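Going by Swiss-Prot, these are the annotated features:
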BINDING   123, 127, 128, 129, 357, 358, 359  (6S)-5,6,7,8-tetrahydrofolate binding site
SITE      231  site 'Plays an important role in substrate specificity'
MOD_RES   232  N6-(pyridoxal phosphate)lysine
C-alpha cells in the first residue's frame with residue numbers, strides 16, 4: 001500500500017492546485033503590490049508555517065494543555081509569547097488568536113458585555129469592520145457609535161472625540177484604523193477614556209511593524225488592551241496578537257480566546273509568528289520600518305504635487321495614504337481595475353465623507369510595506385507614483401498602458417521577490 005507520506009511533491013500529486021499556486025507566485029513576482037494590508041514574508045516564516053507543527057493539537061496554554069505530547073509546542077508558543085512581550089514592551093501576550101478580527105473579538109469579550117456602548121472609528125473615516133460596522137459581529141453584538149475625522153483637515157480631532165465621548169458615555173473606546181494616514185496620539189485617547197471612565201483598546205494591526213521598530217508611537221503604555229495582526233507591516237504570517245500590561249485582563253483575554261472563541265491553536269502559525277518576532281527584534285528591522293515611512297512619504301508627495309489628484313489629509317505619517325482619483329477617472333473601483341491591467345495592485349477605498357457607494361468609492365488606498373520588502377527605495381516609490389498617474393490619466397490609451405506594463409516589469413525584474 002502506498003502511504004500518504006510518499007506524496008511529497010504537490011506538483012506531481014495535484015497539478016491543478018500546483019498550477020494555481022505557481023500562478024500566484026508569478027503574480028506576486030511580476031506585479032507591484034501596494035495593498036496596505038499585504039506584505040512579503042521571509043522564507044523562514046514560510047518554512048515554520050509549513051512544518052510538522054501543523055499535525056499537533058494543543059488546546060490550552062503552555063504548561064496547561066488538555067492533550068498530551070505538547071512539550072515541544074509549549075517551547076514554540078513560549079518563544080512566541082516572550083518575543084512578542086520583548087518586541088512591544090508588554091507584560092502579557094496572547095499569540096493564539098487566528099486573526100486580527102478574532103483578536104478584537106476576544107478583547108471585546110474581556111472588557112465589555114453585549115449591548116454595551118463603544119466609541120470606535122467610523123468605517124468611512126478609516127476604521128475597520130470590527131470597529132462597529134453594522135454588517136460585522138462587532139456592530140451586531142455591541143452598541144457602537146462612530147467618531148470621524150475633522151471635515152477640514154481630515155485628521156482626528158481629539159477635542160471633538162472627547163465631547164462625543166462625554167455625550168455617549170461609552171464603556172470602551174477603540175483607537176486604530178485600516179485607512180488613516182496620520183500618527184495617532186494614544187496618550188490623548190487614554191486621557192479621553194479616563195475622563196469618561198472607559199476602557200481604551202487600540203487596534204494597531206496596520207502599524208504594528210512601525211511600532212515595533214520605534215518609528216511610530218506605541219499604544220502599549222496607554223491602552224488597557226492592544227490588538228494586532230502579525231502580517232501587514234510586521235511582516236509575519238497571517239494571524240492575531242493581543243497585548244496587555246494588566247494581569248487581570250490577561251487572564252480574561254486568555255479565557256476569551258480559549259475556550260471562548262477558539263479551540264486548538266494553530267501551532268505552525270504560532271511558530272511562524274515566533275520567527276517574525278525574532279526578525280523584528282533584529283536592529284535591521286528598524287531600518288526597514290524607516291524605509292517604509294520614507295517610501296510612503298515620497299510616493300504621496302508625487303500625488304500631492306499633481307492638482308489632478310487630492311491627497312487625503314494632505315500627507316502621511318505611516319505606511320499608507322489615500323488619494324481621491326475622481327478628477328481623472330469615475331471612481332476608485334475603475335481605478336483599481338485599470339491598475340490591475342498594468343500589474344499594479346491596490347484597492348479602491350472610501351474617503352472621509354464619501355459620496356459614492358462603498359462598491360465604487362472616490363479613492364484608492366496605497367501602502368508601501370510590500371515594495372519596501374522587495375528592496376525598493378524612494379526613487380522607485382516616486383517612479384511607481386508616476387506610473388499610477390500615467391495609467392489613470394491615460395486610461396483609454398492602450399499604447400500608453402502597454403508602456404506602463406513594460407515599465408512595471410522592468411521594476412519587478414530589478415527587485416526580485418524571492419531570489420532564485
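The chain as shown is numbered from 1 upward.
The backbone N, Cα and C atoms fix where each Cβ goes, glycine too.
Swiss-Prot feature annotations superimposed on the structure.
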residue: 123; record: (6S)-5,6,7,8-tetrahydrofolate binding site; DSSP class: helix
residue: 128; record: (6S)-5,6,7,8-tetrahydrofolate binding site; DSSP class: coil
residue: 231; record: site 'Plays an important role in substrate specificity'; DSSP class: coil
residue: 357; record: (6S)-5,6,7,8-tetrahydrofolate binding site; DSSP class: coil
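Taking the C-alpha positions, the distance from residue 127 ((6S)-5,6,7,8-tetrahydrofolate binding site) to residue 231 (site 'Plays an important role in substrate specificity') comes to 18 Å. With respect to their backbone Cα atoms, residue 359 ((6S)-5,6,7,8-tetrahydrofolate binding site) and residue 231 (site 'Plays an important role in substrate specificity') stand 25 Å from each other.
The least crowded of the binding-site residues 127, 358, judged by other CB atoms within 10 A of its own CB, is 358. Residue 357 ((6S)-5,6,7,8-tetrahydrofolate binding site) sits 26 Å from the residue listed as 'N6-(pyridoxal phosphate)lysine', taking the CA atoms of both as reference points. A distance of 19 Å separates the Cα atom of residue 123 ((6S)-5,6,7,8-tetrahydrofolate binding site) from that of the residue listed as 'N6-(pyridoxal phosphate)lysine'. Every protein chain shown contributes to the tally, and the Cβ of residue 357 ((6S)-5,6,7,8-tetrahydrofolate binding site) ends up with 10 other Cβ atoms within 10 Å.
Other Cβ atoms within 10 Å of the Cβ of residue 129 ((6S)-5,6,7,8-tetrahydrofolate binding site) number 16 in total over all chains. If you count neighbouring Cβ atoms within 10 Å for each of the recorded positions 128, 231, the highest count belongs to 231.
Least crowded of the recorded positions (232, 359), judged by neighbouring Cβ atoms within 10 Å of its own Cβ: 359. In this structure the alpha carbons, written CA, of residue 128 ((6S)-5,6,7,8-tetrahydrofolate binding site) and residue 231 (site 'Plays an important role in substrate specificity') are 16 Å apart. In the structure as shown, the Cβ atom of residue 123 ((6S)-5,6,7,8-tetrahydrofolate binding site) sits within 10 Å of 24 other Cβ atoms.
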